[in-house]
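So that you can see what the record holds, here are the features copied from TrEMBL:
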- 52-137: repeat 'Solcar' (REPEAT)
- 144-236: repeat 'Solcar' (REPEAT)
- 246-335: repeat 'Solcar' (REPEAT)
- 19-37: transmembrane segment (TRANSMEM)
- 49-73: transmembrane segment (TRANSMEM)
- 109-129: transmembrane segment (TRANSMEM)
- 150-169: transmembrane segment (TRANSMEM)
- 208-228: transmembrane segment (TRANSMEM)
- 249-269: transmembrane segment (TRANSMEM)
- 315-340: transmembrane segment (TRANSMEM)
Amino acid sequence: MVVVVPVSRGEMRNLAQSWQLFACGLCSRMFVARGVRHGKMTEKSQNSLFSYHTLVHAMAGAAGSVVAMASFFPLDTVRSRLQLDEHREAKNTISVLCDLVQEEGLGTLYRGMVPVLKSLCTSNFVYFYTFHGLKSLRSRPEEQSAGRDLLVASIAGVVNVLMTTPLWVVNTRLKMKGIQQPSNARDLHYTGLLDGMMKVAHEEGVQGLWSGTVPSLFLVLNPAIQFMTYEAIKRRLHEVYGLQEFGGLVYFLIGAVAKAVATVITYPLQLVQAKLRHGHDYKELPPRPNMLQLISYILNKHGLAGLYKGMEAKIIQTILTAALMFTAYEKIATFVFKLLMSHQIKTKY
């Protein structure tokens, strides 16, 4: 049974503030040890995989993703239902939201939210830590480019996929309890992430925990393109307007544009990934088809439109979530760095 926890905006703000304070406490000793002198960060303090600088970025990214997903979780539920429920008509997002509430109650929009937030927090911590750690090792700020960002983001994506896919396999199944299960699926009831992973490993073998890994590896292009676009736009704005901190709206818009580009390019792979993780009900296909078999079958049965079923809901959800995530990430990271810097200056004098 998944416990639904309503989350208000005030609680979201408290969550962000808690992460900020936690980051400050955890990083303060590391900040001193990594060589901050005269109120300035030394090059050594930043150009290291294991540094306070990388850790703050990772924690800010994880916190930002939790705040954003919790705010727009019902839209992610709509996206999942349209991707996986073959019997549900592809209506607009508002219509599907109303249908779900009428058929299953308001709580269904938040089914599986807690394990999703836990997994998302873990996944984004791994991704942001790897991305910023490798980025600081490979080049100085003035040497960074879109090509370097794409390469580093792709590596970070591969690391993230290999480490966190079992969490997302269980999450997909937890969220889809309200729809008809595939004919080849076992009637299993997961009480949470750990219980789900243990049952999947027992019933389907360890390889079952990495279902959909192949399309997931291809899908590292999604965050890679997203981060490349985001960093490129941000660098360009800094060049035009000088090295200054932008307002929250600017970060929101940059994040929205970056995610929109990435989603439109990679959506068919996201749909296939979801079906491989959850299972399918196509009698003409084997229980565990490969990615090419599934794509070919969908194209033959539904045409090209079949690979984009649910994209409207995905576009709305992913753009709003990514935009809010980047805004919260930038603000939390800036706040923590300023607070740590201020603490060091006060300690000195």
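Just so you know, glycine gets a Cβ as well, placed from its N, Cα and C.
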Per-region confidence, the repeat 'Solcar' (52-137) (mean pLDDT, whole number): 86
Tally of residues which DSSP labels helix, strand or coil - the repeat 'Solcar' (144-236): 72 helix, 0 strand, 21 coil
Among the ranges 49-73, 109-129, 208-228, the one whose Cβ pairs under 8 Å to the transmembrane segment (150-169) are most numerous: 208-228
Three-state composition of the repeat 'Solcar' (52-137), taking helix and strand from DSSP: 74 helix, 0 strand, 12 coil
Secondary structure tally of the repeat 'Solcar' (246-335) (DSSP, helix then strand then coil): 73 helix, 0 strand, 17 coil
